[in-house]
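Following: one structure in structure tokens, then a few remarks.
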Amino acid sequence: MGTSQSKDGSTRTAIPTDANQQPEEVKSLIGKVPSARLNLDSADEEIRRIVKSRFQKQDWAMGRGVVEEEMLVMGFRPKSLVSHEVKHDFEIALEHPSSRPKSARPNRMISNIIYCITYSLSCSVILDFPYLCYKHGGATFLIHWLISLILFGIPMVFIEIGLGQYYGKSVTLIFAAMNPSFTGIGMAMLMINVLKSLWNLKVVVISVYMFTFGLQSWYKSENQWSRCPDISVNCFDFIKQERCTHLKEMAIEGLVGQQEYEREKCPLFLESLGNTNFSGAHGVNPIMMDFMNAYVWPIPPDLNRFEYGSEPIIQITMGTFTLAMICMGIGMKTIGLIPLGMLKIMAVMVLPWLYYFFSSAPNIDAGWRMFFTFQSTHLFDGQSWADAIYMVMTTMSICDGTLHRVGALYNFSHRYWTSVFSLVIVTVFSCVMSTLTLTLAVSLLAHQMYTHGGSANGTDLRIHEYMVHGQSLTWSAVPEALNAFGLVGPFHLIVAYYFSIAAIAFSSLVMNLSQIFCCLKESALFGFLLSLGKPLITLKKLLLFLMLTVFFLPLVFTLTMPWSIVLVRLGVQHSANVMFLVALLEAGVVAYCYNGGKFFVDIRTMHTRLSFITAVPFICILTISPLLAYGGFSCQLSLNQMSRVADYVIPTKLRNAGYMTLIAAIFIIYMFPTVSILTNWFNHYSIKAAWQIQPTWVPQRKHDAKVAHANRLAFRSQQSYSRCVVAKKGVRHVTEK
């Protein structure tokens with residue numbers, strides 16, 4: 001071996017290039033690891049690029065030594081850095097810097113917009129938002145909701161889609177890729193998804209039942225919707241009431257003759273109207289009234305009547321679940337997502353149709369006044385802000401993994417802003433249209449009921465009394481108002497209304513099932529099946545389908561039981577607490593990644609970045625509003641809704657079911673960081689690693705880590721060498737023992 005004298009007088013031994021001059025231990029490795037002269041100057045830029053891609057900034061010094069050490073063992077091939085066993089992700093990125101993952105293929109702008117609407121728009125825009133908008137002052141609540149949407153909703157949409165695009169994984173693995181301590185956040189999102197799938201299944205079953213039963217009755221030759229045998233609580237002609245009242249006033253003033261007044265049979269009609277009690281059923285036909293008493297809560301329901309039509313309910317439930325599973329399998333290949341998105345868009349277009357009809361009806365002044373009157377007392381109400389943030393999350397499907405899935409499947413490229421703001425516009429339009437429709441419908445019903453009672457001066461107060469029963473009123477108020485127009489009423493709009501609810505809920509159900517499917521597919525069990533070999537591909541798919549079936553089949557049968565509607569409603573209401581908790585934790589992780597100028601998650605795949613001006617109010621509202629909303633919503637559920645509803649229908653055993661959801665979510669979320677901290681403390685590692693963000697590439701595979709570790713051990717086990725000295729110039733040297 002040749003020796004060289006360094007400046008400090010120590011003797012260093014250069015690496016011999018001749019194989020005959022090397023020790024026996026090194027000779028045995030020559031056939032496996034190609035020999036090369038390691039000139040770091042020619043590859044310094046390449047090394048820096050690799051280090052930056054694999055390590056964080058604070059670990060670059062350590063990372064450079066690791067990379068150079070691997071280069072030395074592997075013969076220093078900077079363009080590939082390929083071990084013979086595995087090819088790293090950063091190697092693929094260096095060889096093909098412009099390539100994209102197969103799943104992140106670019107799409108057209110219209111397709112991206114439809115994908116966002118398909119995944120994100122929920123049936124809360126029809127069922128929940130109108131009631132909360134009325135509850136908190138009509139148009140005043142829109143101020144809360146729009147501010148929360150701008151400062152909280154839109155940044156969260158960008159962040160969640162960006163996380164999905166960057167990692168390309170399901171929601172259970174995205175946070176695990178950052179740090180194993182964050183795994184519980186993804187699992188809590190999966191739990192929210194399960195609860196929402198139950199709720200969407202229930203909504204689809206009820207609306208499809210009303211749609212099919214109403215459509216069947218509509219086309220019968222003799223049915224309750226096409227004839228009115230007498231004037232009763234089950235058959236009332238709203239148009240005829242208006243005409244007879246008008247003719248009576250004109251007859252009194254002498255503008256029309258008494259003969260014309262009697263020709264219309266108005267005296268008999270008004271006499272029967274005065275003897276009829278409309279306190280419980282204001283113009284609703286028997287089909288709709290039986291259904292409302294059994295399934296929804298405009299008045300305290302009689303759960304003993306739930307057996308009415310139980311066989312069709314079971315058939316619709318099983319059929320809906322089967323069809324959703326089929327659409328989920330088609331949608332996974334993206335050819336079924338466009339029809340589902342178009343179905344949601346068609347459902348949204350029913351809302352302006354209903355609004356146009358109600359806006360041209362009489363006696364809607366009270367509804368207009370209620371909606372457009374500014375109420376300053378609600379503007380500074382903490383509960384209004386809490387419900388506004390809650391509706392931002394539910395109407396746009398934030399914090400349940402939906403938007404992460406959108407980012408993982410599709411590459412939005414420069415159309416990113418267009419897709420997100422198109423989703424925002426559709427959401428705002430749907431919420432405003434559904435609120436106006438419900439408000440005008442309730443105004444009609446309130447005027448009708450007060451007219452029957454002989455006092456039309458307290459219509460605004462009656463609207464409040466009518467709406468006090470909660471969100472479920474949206475099931476009945478619009479159909480009741482449409483039916484109140486009598487035999488000439490637009491009964492086809494009742495069918496269209498329930499169809500719109502079913503369409504949105506069914507698309508959301510398919511999306512929920514697809515997310516659960518993806519999480520199961522990327523689970524450890526599926527990875528074990530994947531390692532068994534290609535001959536078991538068909539068996540793996542069957543087993544995965546069996547996992548979903550076994551998981552959901554008991555829940556499907558549970559939905560047909562009388563108390564299940566209470567359990568599902570409680571679970572969904574208290575999942576709002578879980579959503580607040582998840583939103584706070586997810587925002588905290590993103591704020592931890594925030595470096596003061598740009599958000600960390602929008603690297604490479606996100607061409608548009610959130611500026612510092614957007615980030616400052618966003619982080620401020622994240623640190624204050626979710627805490628207030630979480631506390632306020634929990635208090636409101638505990639003291640207001642729970643105490644009132646429990647008096648009517650909730651069995652004693654189910655009163656704490658909603659709280660168990662929140663307790664389970666808290667346990668899952670905080671279990672992982674607790675285990676990580678205890679493990680690091682027991683093994684004398686740094687506790688800071690329990691919450692430190694991992695390198696930003698996709699999750700490291702265990703096989704990669706084993707190969708790198710084996711390379712380092714093989715290098716350090718050389719008996720003739722003790723350590724590696726990194727030299728900036730010249731030939732790499734090692735110190736002789």
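Cβ coordinates are placed from backbone N, Cα and C, and glycine is handled just like the others.
Where the annotation comes from TrEMBL, it is an automatic prediction and has not been curated.
The region 'Disordered' feature in TrEMBL is assigned to 1-25. The annotation compositional bias 'Polar residues' is assigned in TrEMBL to 1-23. The transmembrane segment annotation in TrEMBL covers 109-127, 139-159, 171-192, 198-219, 337-358, 420-446, 495-520, 541-563, 575-594, 615-639, 659-682. According to TrEMBL, the disulfide bond annotation covers Cys228-Cys235. Here TrEMBL flags Ser508 as Na(+) binding site.
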Segment proximity, the transmembrane segment (109-127) to the transmembrane segment (171-192), 3 or more C-beta pairs under 8 Å: no
List of residues, in chain order, with Cβ under 8 A from that of Ser508 (Na(+) binding site) and at least 6 apart: Leu121, Ser122, Cys123, Lys196, Asn200, Ser397
Cβ-Cβ under 8 Å with the transmembrane segment (109-127): same-chain residues at least 6 beyond its ends: 157, 196, 200, 203, 337-338, 340-342, 344-345, 348, 351, 391, 394-397, 402-403, 405-406, 409-410, 412, 415, 418-420, 422-423, 426-427, 430-431, 434, 471-472, 474-475, 500-501, 504-505, 507-508, 511
